[in-house]
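The structure appears below as structure tokens.
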Amino acid sequence: MFDLNFWVALGGFAIVAIAAWKIAEFIQSRLGLPRITGLLISGLIAGPFIFNLIPSHSIIRLEYLFDLCLAFIAFAAGNELKIKELRSSGKAIFWQTLGQMVVTFLVSFALIYWLVNNLEVLSEVSSEIKFGVSLLAATIFITRSPEAAIAVVNELRAHGPLTRISMGVIVIKDVLVIMVFAVCFSIVQSLLLGQEFSGWFVLLLCANLIVTITIGYFLGALIDKVLRFNLNFKASGALILFFGFGIFRFTDFVKHVFDYFFHIEVYLEPLLICIVASFQVTNYSRQRLAFSKIIHDLGPYIYLIFFTLTGASVSVDVLLKVWPIALGLFVIRIIALFVGSVSVGRLSRFNWPNTMRSWMPYITQAGVALSLTTESFVVFGEWQQIFSTTMIALIVINQFVGPPLYKYYIQKAGEAHTKGALKGFEGSRDVLIFGNDRQAISLSQVLKENKWNAKIVTLENESLDGITEGFDQVIIPKFNKTYFDALEMEKVESIVLMRNDEENLQICEEVYEKFGIDRIVVKLNDRYFFNKFHELGAKIIEPGTAILSLLDHYVRSPEATSLLLGMQEHQDTIELELVSDELHGMALRDISLPADVIVLSIKRRGHLIISHGYTRLRKGDLVTLVGDKDSLEEVSLRFEKD
């Protein structure tokens, strides 16, 4: 089973996979495409039809990895189905799921069956194979990618009823589609073997389904028992993968035993077994958090193996012939999704614009669709390569088109909470302080001494401890976007939040979404809110830990700490944004800085750069400098001169 040739093939594949990971990262950052697409492209290039870094004989030897990955993908799909999170939008989720599972499936089947009967390239294919292809392809058409959808939701910080409904439908569909696939695959197998549809066949089909679900229940109980031992991550993850791989081997064994001794075609669906097991652990076990963490942490490695190997398995010569068919199938799938979603839009209580856009979240496909493609078309013999390559090409097209359309859907629904566009440096340093105590007043005075235009923002009928002089105060009725517009926040460089945590969070979210201000400083009162502020990119000051950290640094680096705090006479640190065209593109070694000024670091597009003489500056860079106060003032004029 695992001979020397297997380990040689595995070692070669591992090297290619590491390179594929870096290539996928590059494609994701530069082109904005999902990482999965990058892995498929990398595998395609490294496969036997282009560079032959993964030869065809190696792919055959590594087929065991497919079973391992398919089991994990099924575990991941079941882990996304959390019942308690779906109850609030249950009716809309029900109707949308019904439209996708019934209407979309039937429309897809009818259109695909018409297409395969009118393609000249398939003229020699038997009617049974055409029917089987149409049935299995229609099943794959209704799959969706939870991992790709989650990535879009996280990127947009989306939350709201339509986002919740679409995510619920996506997750539930991935579970139900495995059950539909198990039934359809059994029908296709029987059809190709020439078996008649009788009462015995229906009884056997129901028995297969019941036994499959029962085995899934016991597998879930076994995983729950294992996780109770609190083994380390590697051991627990390895055991879960072993159980999944074992299920594939076990179902193959059962199939061959019944076929050899009883001449009965028994098909237990391993993907459904793994989904049922994962569903049970996720919803009915105290080990759900440990299980979810293992699935989350192992996911990137499994997807790397599966999608790279799948890309390498694609026949490029066949792909060049079938891409027009793949485009035709893409159009058919869009039509089917549109009909399925719009037909139940009013029943889901969507308004007309949302009804007309309700098909957009369900385009992207990935793991489950590819796993069903890998497993299903093996029954078609010599036609397997054509059918599987066509479906993989379709899935890749969906990978390109799906995420942008889902983003558009969320944005049109008004449920995206992305960071607002940040305007450039306006020529003055403005800061707004939201606070109503003496600390806020003291901070504004210190900032003014350092040539910042500091204003304290308070609500009506709030007093600042009786102090009325020595600071600029702005009074507004409420903390909302309307009054923030009046404050001209687009010109503000920094925000300081010193109120209670609930008000601070409200202000922080609205400032983040509409104005995109990078420098938001929050005085934290309760650690419960720490992660909420951290997700918004705020700089968090927790008084208790801040004092401890300050004392620690004073003990270990007293001079550096004094310098950074501005307590050294005539010395200071400053962060400047490069606006000047004159300095854009120049290396630090070529800029005539005062002798008593040193560049500590450069931050570019959110990434910190440890600078040296050959580092070239770019407009928009945030440059941290340390030195004499007068010299820093001179440098700031050069950096911020437009």
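Quick reminder: no glycine exception, Cβ is built from N, Cα and C everywhere.
Look at TrEMBL and you will find 6-24 (among others) tagged as transmembrane segment.
TrEMBL lists 36-54 (among others) with the feature transmembrane segment. Same-chain residues lying 6+ beyond the ends of the transmembrane segment (36-54) with a Cβ under 8 Å from its Cβ atoms: 12-13, 16, 19-21, 23-28, 145, 147-148, 303-304, 307-317, 366-367, 392, 396, 399-400.
Here TrEMBL flags 60-81 (among others) as transmembrane segment.
The transmembrane segment annotation in TrEMBL covers 93-116 (among others).
Feature annotation from TrEMBL assigns transmembrane segment to 131-153 (among others). Residues 34, 36, 76-77, 80, 100-101, 104-106, 108-109, 112-113, 116, 125, 163, 166-167, 169-171, 173-174, 177, 180-181, 184-185, 187-188, 191-192, 299, 303, 329, 332-333, 336, 361-362, 364-369, 372-373, 376-377, 379-380, 387, 391, 399, 402-403, 406-407, 410 of the same chain lie 6 or more positions beyond the ends of the transmembrane segment (131-153) yet place their CB under 8 Å from a CB of it.
Within its own chain, the transmembrane segment (165-188) is flanked in space by residues 74, 77-78, 80-82, 85-86, 89, 92-93, 96-97, 100-101, 105, 131-132, 135-136, 139, 142-146, 149-150, 153, 205, 208-209, 212, 265, 267, 269, 271-272, 275, 279, 348, 361-362, 368, 372, 375-376, 379, 406, 409, which lie at least six positions past its ends and keep a Cβ under 8 Å from the stretch. Here TrEMBL flags 165-188 (among others) as transmembrane segment.
If one looks beyond the transmembrane segment (200-219) by at least 6 residues along the same chain, the residues whose Cβ comes under 8 Å of a Cβ in the stretch are 179, 182-183, 186-187, 190, 243, 247, 264-269, 272-277, 279-280. Marked as transmembrane segment by TrEMBL: 200-219 (among others).
Annotation source TrEMBL lists transmembrane segment at 231-248 (among others).
Per TrEMBL, transmembrane segment is recorded for 260-281 (among others).
Counting only same-chain residues 6+ beyond the ends of the transmembrane segment (301-320), those with a CB under 8 A from a CB of the stretch are 13, 16-17, 20-21, 35-36, 39-50, 54, 59, 62, 65-66, 68-70, 72-73, 147, 366-367, 370-371, 374, 385-386, 389, 392-393. Residues or ranges marked as transmembrane segment by TrEMBL: 301-320 (among others).
Annotated transmembrane segment per TrEMBL: 326-347 (among others), in sequence order. Non-local neighbours of the transmembrane segment (326-347) in the same chain are 95-96, 98-100, 102-105, 107-108, 111-112, 115, 137, 141, 354-356, 358-359, 362-363, 390-391, 393-394, 397-398, 401; each lies 6+ residues outside the stretch with a CB under 8 Å from one of its CB atoms.
The transmembrane segment annotation in TrEMBL covers 359-380 (among others).
Here TrEMBL flags 560-641 as domain 'RCK C-terminal'.
With DSSP classes pooled into helix, strand and coil, the tally for the domain 'RCK C-terminal' (560-641) is 19 helix, 27 strand, 36 coil. No contact links the transmembrane segment (60-81) to the transmembrane segment (93-116), because fewer than 3 Cβ pairs that are 6 or more residues apart lie under 8 A. Taken as a whole, the domain 'RCK C-terminal' (560-641) shows an average pLDDT of 77 in this prediction. For the transmembrane segment (231-248), the residues of the chain that approach it from at least six positions outside its boundaries are 64, 67-68, 70-72, 74-75, 215, 219, 222-223, 270, 273-274, 277, 290-291, 293-294, 297-298, judged by C-beta separation under 8 angstroms.
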